[in-house]
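Noted in TrEMBL for the protein shown:
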| type | residues | note |
| --- | --- | --- |
| DOMAIN | A:8-142 | domain 'DUF1468' |
| TRANSMEM | A:6-23 | transmembrane segment |
| TRANSMEM | A:30-50 | transmembrane segment |
| TRANSMEM | A:70-97 | transmembrane segment |
| TRANSMEM | A:118-138 | transmembrane segment |
Amino acid sequence: MTKDTGSAVFFILLAAGGLWMALSFNTMSAVFPILVLSLLLLFSIIYFFISIMKGRESTETASAIFSKEAVITGLCLLGYVLFIWVIGFLAASLLFLGGMTWYLQGGFVSGKKRVRNAAGSSIIVTVVFFFLFRYVFLVQLPTGIFTS
Amino acid sequence: MEVFQEVLSSLTQPFNLIYMIFGVAAGMIVGALPGLTATMAIAVMLPFTFSMPPDTALITLGGIYIGAIFGGCIAAILINTPGTPSSIATTFDGYPMTQQGKPDQALVTAAVSSGIGGVIGGLALLFLTPMLAALALQFGPPEFFWIALLGLTMVATLSSGSLLKGLIGGSIGLLLSTVGLAPIGGDSRFTFGFSQLQAGFELIVMLIAFFCIPQVIRMIKNQSNTKEQVKPFQSQKGVIGYVFKQIFMRPFLILRSAVIGIIVGIIPGAGGNVASLLSYDATVRMSKDQSTFGKGDVRGVSASEGANNAEVGGSLVPLLALGIPGAPPAAVIIGALLMQGIQPGPNLFEENANLIYTFITAFILANVVMLILALFGSKYIGRVINIPTYYLAPAIVFLTIIGSYAIRNNFTDVVTLIIIGLIGYVLSERGFAPAPIVLGLILGPIAEEGLAQSILISEGFFSLLGLFFTRPITLVLMLFCILSLLSPYIGKLLKSQKAKEEQEKEEAEESL
């Protein structure tokens, strides 16, 4: 199965599941989702058959969607959100910016300079924007589950 | 007269002027950074405008949009990497000019062309929008339903390589727009028991998620690619005068580029990249001497930049008149308007005339500001290209998170941003461009309202069919929808026919 076929199957399942859910809505709530999901189902079925026909003709090149850098970045983003919830915005941002800057410098900067750059950028960016949003724009930023 | 006085009073406020200059400069800086698009520039800066009055917010965002589109040419000219997709065609002749030791001439040409193109685009915005809005006042629910579908078909056709993937993307966007309480039936749809989703997805969060997060991941993925550094260069005397002379000697070049830009901008989804490429192509085709294009011809830079900045004005025409954005950055501006409690559409000129005319006038003025800043600051702004990804990427993520949270002080928005952003990354890597999805999200409520109201005013199934398929305007819109869907195939057919004819001609010549 090619990746396009996989995507098509995913969309077919999504549309079918959505249609099944939409049947439980009242008429006026269901009419538009049913129309949209029917279109999605139709396009996905066409996409499925096209991908099968193309799959026979060509072999796919290896994709780099889930490259090491992409996976680590994705995990860092999820970790950042989790940290904001647990320890609050200020501490989580200091950790995220510092950690991410340190990681991304790999291969470019090393030693003490790498740590100094990471810590410096983390503190400057976080503190400046934290004060701007907290005290100028008066946004109540999350303080974490231990303090709220 | 009252409107004129209001516009004048708003534009003479020092804060508005300062924010305009700041917006243009910030846009130029972000636009100059390869990988950061104009859409991203506006999306990242959007949270900073929440606490501003509506006129100041719109003036700032308009300035960012204009500045970012121009900023893209700085990287295109100096390091052969378009700062934004709108500057793709600028690299063709801009970088060769840099290689020939004429980077300042290329930058000044881009600045002057962008400034003039932008002003012409602004004038189109000023005169075309009220006309389109007046026409749109005759629209009823079925027409709005078809307008939304037309927007989607155009986006699906133009913004992505695959029509089918564009249509699937548009359908996903429409589906995402149905999450939450139904506007007419009142049922809770696709919320999976999460009360936080009852109000639906926050549009700005979704815009940031689809446009910024995937871009940041791609930046990080590609950061190991060797990056060319901007070298300091010596300015030459008299360049500004020389460039102005060159441009005024060829008035039709910029005028044609601007007209192409405006038309492309009005078509939903086409964007500045299409405008600049079409304009470049037209300039090459209409030139007697085509041999210098691609080797540092000043006309190439002028054609590309004149069109992409005129496209900015064009893309705002359907946004203000119909509530349908002409380009992805305009989609973010819709979010800004909604945040300020302003509903774009045909009634905008009746309900918020002062504000809209202030915005349009400021838009024209911002192009002049951009021209001045670009003439004297491009070479300095060009240095920001050297900021490494390891500083930039985490800072962008930080700004998107703080911005998403600040919209309504809701942590769910931050979670949504990251989850949808990661899904958006996978989708974009699989060839599903973000523009059709986001457009679906914006056009969904318009289409649903049109459909639901049509059902309510109709008297049975056949009356509903009559509403959708027999009214003159709906018929015209349907025809446009069909043409829009068929246009890629018609284009392919014409191309293959032309190729076949040329082949037959060559064979005939050979046989002779």
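Every residue gets a Cβ built from N, Cα and C, even glycine.
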DSSP-derived helix, strand and coil totals, residue by residue, for the domain 'DUF1468' (A:8-142): 107 helix, 0 strand, 28 coil
Chain residues in Cβ proximity to the transmembrane segment (A:118-138) (below 8 Å; excluding those fewer than six residues from its ends, i.e. six or more beyond): 89-90, 93-95, 97-99, 101-102, 105
Arithmetic mean of per-residue pLDDT over the domain 'DUF1468' (A:8-142): 90
